[in-house]
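Just passing along the structure, written as structure tokens.
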């Protein structure tokens, strides 16, 4: 059975394996053992209440409970930009006009922005390609909403998610090649690695501070502004069905879109509810797949189960209860996947 759980120190080798499969561009999952170990340690200290809000971040893994195989990772940053500035570009417009010459030009322009400072961030979502089946992607991505719903007071009112932009299999980014490389004088992969390993001072030192007309970029770079990597398109669709929207903010490195939503308007958070759980044989029928999560902060678990999402008493098997670290009579959080999201 596939189950979401908090990351543990022993997961570092599994995370290294996942990082080696990303193909680049996933800044927060670098193939660097020291960085990943530090990330795990920070997550553990977050759960233990040892860090200020500006440093808090939760990391979860998707595990096969039968074999112990770690198949994916996802994370939440509690409040971005409170220690190091959190940059993106806002895609706006500057108008140049002359009545005398009868000229009017509205020019798309990139403005350096820290507008999302303090927002909670969904990040580090990666599912091993071999496990992209049977609803695992939905479980991995949406499990974070179950955690946020259960422990709402630990998160801020706005949630953002940076989507990976267009990068080819060789690490070539049209947006970086046309813009970032001119200021940073390094390849995309190098900048991505430095950022992912916490060496972010160079961003503030070398970033262009003035607005940039997108018409000055190559056509190839203009075409990928706000577009996602093909492998990231499903993740974007999942978030958009939950209420996230692109509001004209993009990543400073690859031009990928930043999606955002008010936390209390996220579908899975808004519609999830607590029900009592009992042990038994679930009723047969064509029921939809639902997320089921316990309410245990330190031993949080989420699984997928087919059940009636309107039930007041959820029947689960002994195996499902064990995976959730629950007992009969406990209360669990329940919400169905979106109607069009299939798990088979």
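All positions are counted from 1 along the displayed chain.
The backbone N, Cα and C atoms fix where each Cβ goes, and this holds for glycine too.
For 125, the entry in Swiss-Prot reads succinyl-CoA binding site. Under the heading active site, proton donor, Swiss-Prot lists 229, citing sequence analysis as support.
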How many other Cβ atoms are found within 10 Å of the Cβ atom of residue 229 (active site, proton donor), counting all protein chains shown?
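22, counting other Cβ atoms within 10 Å of residue 229 (active site, proton donor).
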Would you count the other CB atoms within 10 A of the CB of the residue listed as 'succinyl-CoA binding site', including those on all shown protein chains?
23
